[in-house]
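A.B. asks: Mind having a look at this structure? Questions to follow.
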Amino acid sequence: MPVITLPDGSQRHYDHPVSPMDVALDIGPGLAKATIAGRVNGELVDASDLIENDATLSIITAKDEEGLEIIRHSCAHLLGHAIKQLWPHTKMAIGPVVDNGFYYDVDLDRTLTQEDVEALEKRMHELAEKNYDVIKKKVSWHDARETFVKRGETYKVAILDENIAHDDKPGLYHHEEYVDMCRGPHVPNMRFCHHFKLMKTAGAYWRGDSNNKMLQRIYGTAWADKKALNAYLQRLEEAAKRDHRKIGKQLDLYHMQEEAPGMVFWHNDGWTIFRELEVFVRSKLKEYQYQEVKGPFMMDRVLWEKTGHWDNYKDAMFTTSSENREYCIKPMNCPGHVQIFNQGLKSYRDLPLRMAEFGSCHRNEPSGALHGLMRVRGFTQDDAHIFCTEEQIRDEVNACIRMVYDMYSTFGFEKIVVKLSTRPDKRIGSDEMWDRAEADLAVALEENNIPFEYQLGEGAFYGPKIEFTLYDCLDRAWQCGTVQLDFSLPSRLSASYVGEDNERKVPVMIHRAILGSMERFIGILTEEFAGFFPTWLAPVQVVVMNITDSQSEYVNELTQKLQNAGIRVKADLRNEKIGFKIREHTLRRVPYMLVCGDKEVEAGKVAVRTRRGKDLGSLDVNDVIEKLQQEIRSRSLQQLEE
């Protein structure tokens, strides 16, 4: 009979099989009331599942990440329960958990309106407030199939036929009269599912195949308590205000149009930000001793076949042909960098060789996945590849890590989650090589005092990698930086160097990106700063304004002086009230507004005002220029007097 070992090491002995709920009750009624599920020998199970042998057990509650995920999954079933009551002929497809919530794909003979969604949410609340028990039954494959055939659930039948073995015992979850099929676990009672909201609907093809029927996807969010739900909805509201597409239009940064889906038309102010970002990256390339190169936009398909990209990536590649040759528009820069490395004989003395490029890449992303600057078809990577020996890997990775944190800190990103992906089952190279490579990456992270978590088996077949995910002011995750070891591509493309023993050897290649895509990173920055770019990045850094025509000459002189000092400046001499001008440039998020009245002209000064509405008073012109230059030069995130 089972001996149950709890997380604190204590043990409980039973003379009969017990469930996680039984153990929780044994510990105390408070824990039993909070129990959502259990983790038995590392595997999540329902609170009602029986444990027949000795096992370790952790009780899962709403405070656990897994508990919240289970709540969300059960809310998807609750949605199914409600929709079948409102529209009984609905056919249910799949209802998984996603970030911050869940969705359910349904086949319904009407297009859901906003009023329908509100009615559906209301019915979900009515059902959840009944606090009914969720009953799990493990049945044979044949019984499960018969259940769903009788209920006309053709999609569930298809899942059984195509995805579940005949000797398996699927779990059927009974929500009163509604039955759904799932691996589970799910909540034992609907009292855990009171804090949710339906968010939107969208179209989705069955199994993601455009040849199949288009279903309606209903998205929802769910949380453990009302406070967490409200906080999330507030974050969404703030995110909507910060949407880079909205701000991009307001500030005239860029646009996109139907004739070039997923391609950016940069306007002057947006392109100014892009170029300033390039200047910043170039300064870091110089500091960390990189060469900068430029490869062609397209290369013969034969080359992409050699690299393996054609076999694995051709659907995402744009192609063209000329003179009976097929060319691929590059989706990435690495093969081109190997071609540059291969020009001329290389010695071990030439290594490490660090090669960087602002590479213009194109990928044929599905049109439905395109999203402003965040998901595009044409983008610029701040890409680099380091060619080195195995002995140099650790030092080079160390330098890459320092560079990543150096650059992210400039933008104020402090919360960065790091993951190390290790060898997959299918891979090239010896175990010894992988042992050393993984150890080199881990030691480099440890030497920089960076906490990280392993993603076991998630590395590429050609080498392990480090991923850097930064979190913005709304605590949203953005995976931007990567450091990826590659033991395959140099060999495939015949890259070599002459070692100390005069023998030809294949270099290790380190793929390194920090911002990822320039376009996407500008989108992230736009939302992070809500369009209030730090002065060094702002398209227009200063606007000089007159109050009346009598100050026009002084404004022009001052504007020229600022321009000569390397400051991006505009003069506003319009015959408008000064309050109107200040408000307009504040809405345009211009960092500084310099106002010139008769007093300022007479004293050779200027009244300085920030876009946040702070009045810095009347200051000496040369002092203002010096302070602005210092703020811009240091790439400060703070404005004067902040």
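Cβ coordinates come from backbone N, Cα and C, glycine included.
The domain 'TGS' annotation in Swiss-Prot covers 1-61 and is backed by sequence analysis. Per Swiss-Prot, the feature region 'Catalytic' maps to 243-534; the stated evidence is sequence analysis. Marked as Zn(2+) binding site by Swiss-Prot on the basis of sequence analysis: CYS334, HIS385, HIS511.
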A.B. asks: Using DSSP, how many residues of the domain 'TGS' (1-61) fall into helix, strand and coil, respectively?
C.D. replies: 14 helix, 22 strand, 25 coil
A.B. asks: For the binding-site residues listed here, HIS385, HIS511, which shows the highest count of neighbouring CB atoms within 10 A?
C.D. replies: HIS385
A.B. asks: Around the Zn(2+) site (CYS334, HIS385, HIS511), what further same-chain residues have their C-beta within 8 angstroms of the site's C-beta centre?
C.D. replies: MET332, ASN333, HIS337, ASP383, ALA384, GLN484, ASP486, LEU489, MET509, ILE510, ARG512
A.B. asks: Under 8 Å Cβ to Cβ from CYS334 (Zn(2+) binding site), same chain, six or more residues apart: give me those in sequence order, or none if nothing qualifies.
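C.D. replies: Looking at Cβ-Cβ distances below 8 Å from CYS334 (Zn(2+) binding site), excluding near sequence neighbours, one finds THR307, ASP383, HIS385, ASP486, LEU489, MET509, HIS511.
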A.B. asks: Per-residue pLDDT averaged over the domain 'TGS' (1-61) comes to what?
C.D. replies: 94
